[in-house]
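Sequence annotations record features per position, and here TrEMBL assigns domain 'PurM-like N-terminal' to B:18-123. Summarising the annotation, TrEMBL assigns Mg(2+) 3 binding site to B:ASP20, B:ASP60, B:ASP188. Residues annotated as Mg(2+) 4 binding site in TrEMBL: B:ASP20, B:THR30, B:ASP60. Positions annotated as Mg(2+) 1 binding site by TrEMBL: B:THR31, B:ASP32, B:ASP107. Here TrEMBL flags B:ASP32, B:ASP60 as Mg(2+) 2 binding site. Sequence annotations record features per position, and here TrEMBL assigns substrate binding site to B:ASP39, B:GLU240, B:TYR288. What TrEMBL lists as ATP binding site is B:GLY106, B:ASP107, B:ARG130, B:SER190. Under the heading domain 'PurM-like C-terminal', TrEMBL lists B:135-276. Feature annotation from TrEMBL assigns Mg(2+) 5 binding site to B:ASP191.
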There are 2 protein chains.
Amino acid sequence: MDERTALRLLAADLPGAGDDAAIVDDLVVTTDMLHEATDFPAGTTRYTAGWRAVGASLSDVAAMGATATCAVAVYAAPELDEAELGDFVQGARDVCEAVSAEYVGGDLDTHHEFTAVSTAIGRTDDPVLRSGATPGDLLCVTGELGRSAAAVRLFDAGEVERANDLFRFTPRVDAGVELRDTATAMMDSSDGLARSVHQLAEASDCGFELDWDALPVHDAVETVATDDTDHRDLAAYFGEDFELVFTISEDELDAARAEIDVPLTVVGRATTGSEVVADGEAVPDRGYTHGGD
Amino acid sequence: MDERTALRLLAADLPGAGDDAAIVDDLVVTTDMLHEATDFPAGTTRYTAGWRAVGASLSDVAAMGATATCAVAVYAAPELDEAELGDFVQGARDVCEAVSAEYVGGDLDTHHEFTAVSTAIGRTDDPVLRSGATPGDLLCVTGELGRSAAAVRLFDAGEVERANDLFRFTPRVDAGVELRDTATAMMDSSDGLARSVHQLAEASDCGFELDWDALPVHDAVETVATDDTDHRDLAAYFGEDFELVFTISEDELDAARAEIDVPLTVVGRATTGSEVVADGEAVPDRGYTHGGD
């Protein structure tokens, strides 16, 4: 059983689960495990790891259109080094502060592999789900894609400082809150844009037409991509980015842009049917599978 | 740096942390990592593991006198086996149901060692802290001590079914809620009674006199203890039990007993000074260190 199948089984069985975060009363709750082998390339600082682990959960809170209340994290490593732990906690605190949430601690454990598990809690009375897109809605993303993909290449190349900078993203909590009344469907791009759009299509029972040329791609991708195919892979399929992918009525877009501090880019449109296509060709449903392929 | 030192450093630096659960507005939040090498002896079923991992977090919610709202868990194992995952989730759901909380899912990961990380959220406007005991207050525990200690011996002896039964405790959420107006200080006994009392003493700036003979010890301890010293070790020092340890004014005890479904046993009294003694001798501050000694 691969992880995606397992996650589907879980979601099907749990009424509160299945979107980017679970919904309980006025709370949204999300938890994520990251570990060295799959999530923290050699050169990732503990400060970046703390920021990124907690940031990933805060991004799920953002994807629900919720305010971010607080986060906790478990830090597990072969040895509990005071400086490393301090750096991790500082990263966790700083990413919380960036979205006006409170970092309130967690648990420690010795573990043969460095592992971080973060849980974030947000509040909203009216969460934005993945299921509300209607044919005709514009498909948009916040910020720029490919940041983490470029970072991984830069870690491989030994450009560690730049890679760490790229790995520390700002969760889009403010944008998510501003979009909660106008976005018809929303999630984050952690599985890659292509897979995210497939997930919106499935949840909303619609199709999407993407415009590859419209994708807002981070400058760093230009410097690491080997050719055009690689460029698209990094921007649209690699994933582990934490931008919001959302749909919105065309009438609402200008007002949303005026309210939100990060760029919103239209990258396509919801369609009738169930296909996800770009420039007339089917977009494969592939992307990042956490802990998997 | 050992884990206890590391935890202290964390608590000192984080205003919201340091009790059994962190407090944020009207929420209490707690997270715990358990893994095979230190927490799940050979023979522990995945159902028991799910129950116990989530139960440990719910016990922290109980220790704050909060109602239990929900829990999430991360399941990480070398292979994602459908039956094992299903059993784990069922255990997590059942322990939530036992305390009227909602299990709302979590995350999955492949990891070389079976690892479970649970996070529970509760609500209270007036959490019970460890710091409110006053000399003269009675020291009490819910239920019976030594349950997990006996279970570990039974796992070693191959009596797996009985051991699994003992490992699945009911978190004392109902008792915690009933005690929230009368308990002056409260925590759970997960580090063992002796260490818990030391922690109450330190937080409340008082001492305690314990009465060893008064300890309510689970029957199973009788069957596995090798002698009287061992019996005391299992009941008072081994830990990993999840009973409430609390202080209460003598005037309030009868009313509390009348309201609460589990037995409350008086095991000592808060004193002036800072010593923890039993039968005239100092009680060492030793017990279970999570992931440590």
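Here the Cβ of each residue, glycine as well, is placed from N, Cα and C on the backbone.
Shown here: features listed in TrEMBL, placed on the structure.
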residue	record	Cβ neighbours (10 Å)
B:ASP20	Mg(2+) 3 binding site	25
B:THR30	Mg(2+) 4 binding site	30
B:THR31	Mg(2+) 1 binding site	29
B:ASP32	Mg(2+) 1 binding site	26
B:ASP39	substrate binding site	23
B:ARG130	ATP binding site	23
B:SER190	ATP binding site	23
B:ASP191	Mg(2+) 5 binding site	24
B:GLU240	substrate binding site	23
B:TYR288	substrate binding site	22
Pairwise Cα distance for B:THR31 (Mg(2+) 1 binding site)/B:ARG130 (ATP binding site) [Å, integer]: 18
List of the binding-site residues B:THR31, B:ASP32, B:ASP39, B:ASP60, B:SER190 facing chain A, defined by a Cβ pair under 8 Å: B:THR31, B:ASP32
For B:ASP39 (substrate binding site), the one of B:THR30, B:ASP60, B:ARG130, B:ASP188, B:ASP191 that lies nearest, given that the binding-site residues are compared by Cα: B:ASP191
C-alpha spacing of B:ASP60 (Mg(2+) 3 binding site) relative to B:THR30 (Mg(2+) 4 binding site), in angstrom: 7
Neighbourhood of B:ASP107 (Mg(2+) 1 binding site), C-beta criterion under 8 angstroms, separation at least six: B:VAL72, B:VAL74, B:TYR75
Residue pair B:TYR288 (substrate binding site), the residue listed as 'Mg(2+) 5 binding site' - Cα distance, angstrom, rounded: 5
In the chain carrying B:GLY106 (ATP binding site), residues 6 or more apart in sequence that have Cβ under 8 angstroms from it: B:VAL72, B:ALA73, B:VAL74, B:TYR75
Helix, strand or coil at B:ARG130 (ATP binding site) [DSSP, three-state]: coil
Pairwise Cα distance for B:GLU240 (substrate binding site)/B:ASP60 (Mg(2+) 3 binding site) [Å, integer]: 12
